[in-house]
């Protein structure tokens, strides 16, 4: 379902969406269905017991009125007996109600844990490219907001919703048993209320779906604004970025106002029909007339009047439960959509490569549902223990090639193999393939934990050795908390320092194949020199795929692959490609002329 596409949705589309959401909700709640059924059964018992206090009240009233009418002493034993019944029933009913809530709340805890566990497991198996293409607001909404919405449906609605239906029905039945005329007085305004609310509920399904979509848009814009605030501030575009969020919020406000405004009058009329003064006027007035005629007792009127006051509460609770279920259905639909996100296929039994030669064989790839190919028939070989540089203009497909080797996604055709084994079958792929990207991708945890992310069992000496080889040990130890410094909160690290910590992480994993995606592109010259030294240490003895534009780095590699528009244009060494026009243009764009020896002129 596309965010913002609500205006194009027909009634049939909305109903189909609601049916899909209802099915998704049912499937999602299946693991806790038994617990919820037990909660509902206990709620029914609790609701039926709610009638007993009113029976006791009538009997106590009759005893007191009889004594007052005859001038005799009150039958204390009878009054005490009914008081004991009333108190005992109230205590038992409260106990049953609390046990029911306890059961449904434990079910909700299990449900939340189960769904989050499934989500994390699923997210770990989807292509990493999916995270680039998917709005982060959508994932956050599903993990936090949507699970929270379903919480009320599991923890409260089975008990409170059942109570809201059964208790008013049981009380109304008792009111009719006392006297059918008192029963009619108790529900006198209900038909008009139901008619008013039916009018206000027209189109509720379609509007709820649209509201949910618009809220998702607002959430997405808010996340985009907050996560990108540093960039937009740097380029003086705070106002523009905030306007995108503000416009979506204003659109939601206008939609909600236009929807709710005409309903306020109708729903206000409906609620006024259940107002306490009107209900008491009808029941006490009508009841007084029946008492005057001798048809009922004052105790009967008191009991049914109290019942009449409780009926609106039950109806209001029921309406809230219906609303919650509709919202939870939409939330369940989004949760299930994430849980059904396509994962990278398992191509069979895992194998361990016997060598670390990498072969791209006629690889073609397109992003998402796009028809235009980002890579078209790419083929080349990374010999074991050699360094291969991918060069080409921006957008030519270099980083796409690197991400496919790391299996961020699978190609539409062709194959990528390591030692003759397709990357989709390589056992523990990331123990064979390591990478250092432009963005070091450090987490908000300690530097020690960042370095040991791929090898949590590493010793302190191994961690220090990796940091030393990455040329960052002295700087880490100079921090107040050393390796226990939390990245991003305890102290600031420069881009070069963060990049060298990422290199230390890759060194510790000690993967025999290494992807370097312009690892020095965003750093200052001094940091570039230190990073280059660390990368030289990291690359020693490994099969390396290097992406970069720096001539002094490129000219010393074993093989250069020139990429243009997703195709391999030429392959060779610096000397053999010196006459290739596309290669010469890259050197000229870097501010250097080229000769056959690879020297700047």
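Glycine too: its Cβ is placed from the backbone N, Cα and C atoms.
So that you can see what the record holds, here are the features copied from TrEMBL:
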type	residues	note
TRANSMEM	28-48	transmembrane segment
DOMAIN	41-322	domain 'ABC transmembrane type-1'
TRANSMEM	86-107	transmembrane segment
TRANSMEM	171-194	transmembrane segment
TRANSMEM	269-290	transmembrane segment
TRANSMEM	296-315	transmembrane segment
DOMAIN	358-590	domain 'ABC transporter'
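Comparison of 28-48, 86-107, 269-290, 296-315 by number of C-beta pairs under 8 angstroms to the transmembrane segment (171-194) places 296-315 first. Remote same-chain residues near the transmembrane segment (269-290) are listed as 179, 181-182, 185-186, 188-189, 192-193, 196-197, 200, 296, 298, 300-301, 304-305, 308-309, 311-312, 315 (criterion: CB distance under 8 Å, separation of at least six residues from the stretch ends).
Residues 54, 57-62, 64-65, 163-165, 167-168, 171-172, 174-175, 178-179, 181-183, 185-187, 190, 193, 274, 276, 279-280, 282-284, 287-288, 290 of the same chain, all 6+ positions outside the transmembrane segment (296-315), place their C-beta atoms under 8 angstroms from a C-beta of that stretch. Per-residue pLDDT, averaged over the domain 'ABC transporter' (358-590), rounds to 84.
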